[in-house]
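Listed in Swiss-Prot for this protein:
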SITE      N13  site 'Discriminates between blocked and unblocked aminoacyl-tRNA'
BINDING   Y18, F69, N71, N117  tRNA binding site
ACT_SITE  H23  active site, proton acceptor
SITE      D96  site 'Stabilizes the basic form of H active site to accept a proton'
Amino acid sequence: MGTEVKLLVGLGNPGPEYERTRHNAGFWLVDDFCRRHAITLSPDTKSKALIGRWQQGAHDLRIVLPQNFMNRSGFSVAALANFYKIPANEILVAYDELDLPPGVAKFKKGGGAGGHNGIKDIIAQTGSQDFMRLRIGIGHPGDKTKVTGFVLGKASANEQRLIDDCIDEASRSIDTLMAEGWGTALQRLHSYRPEQKG
């Protein structure tokens, strides 16, 4: 039995200058999902986002990349959730996670923002913490004062390869989540190990 996911959200900052920065890992994941399923995203002025739709069998999934900056991501999510009457527990948000190393991604249900401004704004705008999360590891600079520069910087070639490979697996795990459910998707993604290349 699959898990209902009605809204897939990728977090990032809009604009070419941010495209390859670590903070845009959520965008990368949604782009990968859309590429695999031949989904086209189009601008929507009301929700200030790029939006798309994927229908297969019983699944009817809306996809959103907010085009406000990260700390205003909640506007787009709340606007679309309200319009399509999607409850928080049927929303899946993909975003970059400092507390996981590159090459690791984890599903999570509910909880606080963990210092992530995009998640913080979604909680504030939707009034709920109950949405599912897909946390994509980007690593940590080791010093709290360096976090802003780190997330807005580009990963090294090796880190980027680890992140990209992991995103491919995480994107496929969303298919597993909808087809086979939370437990199977968790098992698949959480047992993934990146290939280390010398």
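Backbone N, Cα and C atoms are what each Cβ position is placed from, and that goes for glycine too.
Quantities reported herein were computed from a predicted structural model and do not represent experimental measurements.
A map of Swiss-Prot features onto the structure.
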{"residue": "N13", "record": "site 'Discriminates between blocked and unblocked aminoacyl-tRNA'", "CB count, 10 Å": "21"}
{"residue": "Y18", "record": "tRNA binding site", "CB count, 10 Å": "16"}
{"residue": "H23", "record": "active site, proton acceptor", "CB count, 10 Å": "22"}
{"residue": "F69", "record": "tRNA binding site", "CB count, 10 Å": "15"}
{"residue": "N71", "record": "tRNA binding site", "CB count, 10 Å": "13"}
{"residue": "D96", "record": "site 'Stabilizes the basic form of H active site to accept a proton'", "CB count, 10 Å": "26"}
{"residue": "N117", "record": "tRNA binding site", "CB count, 10 Å": "18"}
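Excluding the listed site residues Y18, F69, N71, N117, the same chain places N13, H23, N68, M70, R72, S73, G118 with Cβ atoms within 8 Å of the centre of the tRNA site Cβ atoms.
For the binding site of tRNA, formed by Y18, F69, N71, N117 according to the record, the largest Cα to Cα distance is 16 Å, rounded to a whole number. Comparing CA positions across the recorded positions F69, N71, D96, N117, the one lying closest to H23 (active site, proton acceptor) turns out to be D96.
Residue pair N117 (tRNA binding site) / D96 (site 'Stabilizes the basic form of H active site to accept a proton') shows a Cα separation of 11 Å. On the backbone, the CA of D96 (site 'Stabilizes the basic form of H active site to accept a proton') and the CA of N13 (site 'Discriminates between blocked and unblocked aminoacyl-tRNA') stand 12 Å apart.
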